[in-house]
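S.K.: What follows is a single structure, and I will ask about it in a moment.
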There are 2 protein chains.
Amino acid sequence: MTSVHHNTVSSSATSPLRLGIAGLGTVGTGVIRLIRQHDGLLRNRTGRQIEVVAVSARNRTRDRGIDLSGLRWHDDPTALANDPDVDVVVELMGGAEGAARTLVTEALKAGKAVVTANKALVARHAQELAHLSHEHKAPLLFEAAVAGGIPAIKMVREGVAADALTRLGGILNGTSNFILTEMAETGRAFEDVLKEAQDKGYAEADPSADIDGWDAAHKLSILTAIAFRPIVFDSLAVSGMRRITTDDIHQARKLGYAIKMLGVARRLPEDRVEAWVQPCLIPARSGLAQVNGVYNALTTEGPFSGPITISGQGAGEGPTADAVMADVIDLARGHGLPLWGRVDEQAPIPCEPVGNLASRFYLRITLTNNVNAETTLGELRTILGNEDIAVEQGHHHTSQGGATQIILLTKPVTLNDIDRILPILEEMPIVQGTPLALKVEDLP
Amino acid sequence: MTSVHHNTVSSSATSPLRLGIAGLGTVGTGVIRLIRQHDGLLRNRTGRQIEVVAVSARNRTRDRGIDLSGLRWHDDPTALANDPDVDVVVELMGGAEGAARTLVTEALKAGKAVVTANKALVARHAQELAHLSHEHKAPLLFEAAVAGGIPAIKMVREGVAADALTRLGGILNGTSNFILTEMAETGRAFEDVLKEAQDKGYAEADPSADIDGWDAAHKLSILTAIAFRPIVFDSLAVSGMRRITTDDIHQARKLGYAIKMLGVARRLPEDRVEAWVQPCLIPARSGLAQVNGVYNALTTEGPFSGPITISGQGAGEGPTADAVMADVIDLARGHGLPLWGRVDEQAPIPCEPVGNLASRFYLRITLTNNVNAETTLGELRTILGNEDIAVEQGHHHTSQGGATQIILLTKPVTLNDIDRILPILEEMPIVQGTPLALKVEDLP
């Protein structure tokens, strides 16, 4: 079995490399703009002319602010897969199923190289795509699918390819990081900031992919497959940030932590893999805690390479178009790779159940009115202690809404321990609403 | 002209890739250790066996803690260039001239791929090496030469290859960053911390390469050639950190800045290039200001990719061996590239004279005893104003040694302006010693 793919994208080629682009939203038009603006630079970097010859999008007449004359237009994107003048299909439509999946599948079957920014597609159909890419010797590249303009895939698949990484993770979604940053800096409520982000176009009308962790989960699943081994996407534990309040952010800061939406994967003994996406407390002095706004960051750790962190803009027209074109340059240079940068085709495995994973936890318990906070703090320590959950630190404060809240930091326990105690706490007459538990992730 | 090299390191090869290693110091033995420890991983990543078949070092009998039996030993490293069983020469001897230069030159002439960690060699003989690599279609890779384990070369040459970068720079030397960090955190003097670093083996007996900026200059020269165009190494303005005191670090912090040794290059109009290495004031809240100890960091900026920062351990056995092996993996995967990632062979140009570059400056002026600081502050503002140097902020303080010091932050002026005023200040009877001027580099 050979590790490298060959076809029209050959390493000795000096002929033009011809692209067919499916999807002319901001990224698609950004790609065309970049190619025109950096024409000489691209030729110099690769020794070849890179040109767009065909496009496909739903609306032929919409003004996209760029000249599309002279480009062959396919109403059906799948036609790009069979267009004999197209060497590389660039899929920028999005969506794990439907037209995007059909196009990518057909293009690989036709032996064409594919570049995509579609994280959902790559994460959810990993095994099928890896197999098709291998069988038809057609490279499938997806730098733009993970962390926008940051060369995160290249770093893991090539930059630290000699190391047996032990851990990777970081801030993989810019929208949720923007919301948490705004909440921390302005003290505004989650719903307020979300609405502003939606008005400004940073967040979708349906914000679930960003704030419930699915976007980050797709990216983490792809990075895990490259660094460790493919995982069953649906086995990834994902939890969102809707319940985080500015009170939580301030109480965490008082304890020396910031709250960030993290995606993390670890190599466990016996070829098992831990992977999850959730809001976590991380040390306020850590590098990741300084990554604010729409920025993304990824840290890898390995026995030889040590910790390496890369950060930058995780989305947007320019960075994403640049990442798409980095893949195209690799192809023009004749650099193909198997999907995960490995020659064996490993079947996806389920992630380690998160219930078994131990860490410290932050607990926020809101009390009903007229309860003595100091006495309750002592009682809660006893109740948790009886369930083998030791409390490292505890204090109480008055929330923005005027309620008394108990804040506890536990010693290391499993999520199963926490899940057992939460309903017990919630049923106590002195407790109001549902207590919140957040994982503490200690970082370099 | 084709952009990619072919020879024994072919992209369709499945035969073993055979390495000859010259230099068995910590990095050389680290490479052998990594190959043995990650044997299966490397085969999986490349589809090929990667093996060391020959070595060369000065001392055959020294105990290096690894088993060298079964490896062919060449007393003359140049013999590796002509060993028919060696596909890739790994040069880890160091030095811009002598045996290292001869070996690399001969290996390229023999059409062998070369991997090196030798920043001085690559920076100082850039044009000759680029030409040899091109003429003999022999790839020369040097990821380990810049920022140790951080894939900085890969990021610039491949990760953001589609963008026309406007600026790159960062903390490119771990030893000087360790010293500045220790001075900032402990308040100890430069000489003290340097001695500790030498005792611990972080700094050489002759520390000049690290603290006078030459090591960073070699790295910056290489990065500049990839991002913009090759520069004449001797035209790079380099200034060291020997005159920085803990007083300077504290006064800079009072103004909202940290002091870091930076290497920075900018693309200027008309294909000119600005490049320099010097201690600078950078905003204390910037990402680079958080990079402490022996860590290195590099930031690139481009119109499409935006700012991207990568950081990690800039030296050491593990990270450097990992970077060497990332290059070997690229070769095993059949990924060769021209030296600077561009197909044209540009002649080096001199850097823009730094005297013409404008920025704000930090000035520290020590006064003789019994001078009224407040009056002098006003007088200095007038003297500088007469020379068209406007002062943005000024204050005085008493140094650790008990002397009164005036600290000024100028508005943007050129280095020529500063160089004109410094002798005038130094000759004033109320001024003691030589005033210090440090560039202020504003960062994202």
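Backbone N, Cα and C atoms are what each Cβ position is placed from, and that goes for glycine too.
Found this in TrEMBL, in case it helps:
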BINDING   A:ALA22, A:GLY23, A:LEU24, A:GLY25, A:THR26, A:VAL27, A:GLY28, A:THR29  NADP(+) binding site
DOMAIN    A:23-143  domain 'Aspartate/homoserine dehydrogenase NAD-binding'
BINDING   A:LYS119  NADPH binding site
DOMAIN    A:151-329  domain 'Homoserine dehydrogenase catalytic'
BINDING   A:GLU204  L-homoserine binding site
ACT_SITE  A:LYS219  active site, proton donor
S.K.: Expressed to the nearest Å, what is the distance separating A:GLY28 (NADP(+) binding site) and the residue listed as 'active site, proton donor' at their Cα atoms?
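M.R.: Checking the Cα atoms of A:GLY28 (NADP(+) binding site) and the residue listed as 'active site, proton donor' gives a distance of 20 Å.
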S.K.: What are the helix, strand and coil residue counts for the domain 'Aspartate/homoserine dehydrogenase NAD-binding' (A:23-143) according to DSSP?
M.R.: 55 helix, 19 strand, 47 coil
S.K.: Who sits close to A:GLU204 (L-homoserine binding site): which same-chain residues at least 6 apart have their Cβ under 8 Å from its Cβ?
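M.R.: Listed in sequence order, they are A:GLN198, A:ASP210.
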S.K.: Near chain B, which of the binding-site residues A:GLY25, A:VAL27, A:THR29 can you find when the cut-off is a Cβ distance under 8 Å?
M.R.: none
S.K.: Count the Cβ atoms, other than its own, that fall within 10 Å of the Cβ of A:ALA22 (NADP(+) binding site), considering every protein chain shown.
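M.R.: Its Cβ has 28 other Cβ atoms within 10 Å.
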S.K.: Which binding-site residues (A:ALA22, A:GLY25, A:THR26, A:VAL27, A:THR29, A:LYS119) fall within 10 Å of A:LYS219 (active site, proton donor) by Cα distance?
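M.R.: Of everything listed, what lies within 10 Å of A:LYS219 (active site, proton donor) (Cα to Cα) is A:LYS119.
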S.K.: If one measures from the C-alpha of A:LEU24 (NADP(+) binding site) to the C-alpha of A:LYS119 (NADPH binding site), what distance in angstrom results, rounded to a whole number?
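M.R.: About 17 Å separate the Cα atoms of these two residues.
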S.K.: For A:THR26 (NADP(+) binding site), which residues in the same chain are close in space, meaning a Cβ under 8 Å from its Cβ, but six or more apart along the sequence?
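M.R.: In sequence order, the residues whose Cβ lies under 8 Å from that of A:THR26 (NADP(+) binding site) (at least 6 apart) are A:GLY316, A:GLU317.
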S.K.: Taking the recorded NADP(+) site as A:ALA22, A:GLY23, A:LEU24, A:GLY25, A:THR26, A:VAL27, A:GLY28, A:THR29, identify the other residues of that chain whose CB atom sits within 8 Å of the mean position of the site's CB atoms, giving them in sequence order.
M.R.: A:ILE21, A:GLY30, A:VAL31, A:ALA57, A:LEU92, A:MET93
S.K.: Can you count the other CB atoms that lie within 10 A of the CB of A:THR29 (NADP(+) binding site)?
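M.R.: The answer is 21.
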S.K.: Give the sequence-ordered list of residues that share a chain with the residue listed as 'NADPH binding site', lie 6 or more positions from it, and have CB atoms under 8 Å from its CB.
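M.R.: When sequence neighbours closer than 6 are ignored, the residue listed as 'NADPH binding site' has A:PHE142, A:ALA145, A:VAL146, A:ASP215, A:HIS218, A:LYS219, A:ILE222 within Cβ distance under 8 Å.
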S.K.: What's the number of neighbouring CB atoms sitting within 10 A of the CB on the residue listed as 'active site, proton donor'?
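M.R.: Around the residue listed as 'active site, proton donor', other Cβ atoms within 10 Å: 28.
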S.K.: Sorted by position, what residues of the same chain at least six away from A:GLY25 (NADP(+) binding site) have a C-beta under 8 A from it?
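M.R.: Listed in sequence order: A:LEU92.
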